[in-house]
Amino acid sequence: ELFEDASGKPRWRLRHRNGNVIATSGQGYSSRGKAQQGLHSVRRNALGAGLLRIETPVAEAEAVADDDGPEPEDAAEPDVAVPSDDEEIASKATFELFEDNAGEWRWRLAHDNGNVIGDSGEGYASKSNAKRALGRVREHIAAADYLRVDPAAYELFRDNAGEWRWRLIHENGNILADSGEGYSSRSKARQGVESVRSNVSDAPVKDLDDDTGGEGDGTGSANATFELYEDNAGEYRWRLRHRNGNIIADSGEGYADRSGAKDAIERVRGYGPDADALDVGNAAFEIYEDADGEWRWRLRHRNGNVVADSGEGYASRSGAVDGVTSVKRNAPGAGEETV
């Protein structure tokens, strides 16, 4: 996990799937890129590293533990664990650019063992566009965390204006709901998610085009109400308004008819309360089970676009996680060729 500490310096930590933090960078970096390079260096060098036993008096060890130890002299520019710019990152895969039967350009990440471990998921009008897309994947893939979408999950992300937002993603890739507005901080966006989680299942529906009022399908003691309405383009949308007047969620898209919008509300009611949440940097892996019972992954940019996917299904979730791990390991240093 890449994060900023209390002093605003980027750091990394290694978190086990049980939630425990089992390693940290120990010092801050001058930039997120430096922290990411330090993380890569640890990945490459940890396996096979020797063990040096340092005998420290108990009292001294406790003192160090209390204040995290002295700040290193090179903390402002920590090149100790950062590889040089010309150091190659080992990879056992190659990005292949190719033109498909429809005349569109695509890329795939082919492992040296012959397996395709990732692909573009969509075609591009030109080779140059495909190469730019490949470059974005190479840039974001190593630092991307992964989120289990089962069957839905919240993503918290920072938009191009620097505001924090959230969206509720279904395992089929559809965006079921979003925050509708930006927040000034990650914590406020997370509070928005918690507000939706706690209110969405009991919220009644009020049809703003119906003078008779709500439909009475809530509990009667709800703190929020779904408002169903027709927009200026003739599409039907919903928004979830808290009793304090704030809109805490909306549909994010329009529906062709009123029943479609109502069905969307029911999906949000069903998935919203229990969906997991993940803070997204520039991109995040979504691991999900498809309609055929196979597990897959896709890499979604914070702008909502899917920029890569597994290309194939796996028999188990752990297989899909292993696929993500392989892509993370091999994509940053993979070569590139046109086939």
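Every residue gets a Cβ built from N, Cα and C, even glycine.
Remember, TrEMBL labels are computer predictions, not curated facts.
Of all ranges given (62-84, 246-268), TrEMBL attaches the label region 'Disordered' to 62-84. It is 100-144 that, among the stretches 100-144, 159-207, 231-277, forms the most Cβ pairs under 8 Å with the domain 'DUF1508' (290-334). Long-range neighbours of the domain 'DUF1508' (100-144) within the same chain, counting only residues 6 or more positions beyond its ends whose Cβ lies under 8 Å from a Cβ of the stretch, are 2, 36, 39-40, 92-94, 281-285, 298-299, 301, 306-312, 323, 326-328, 330-332, 334, 336, 338.
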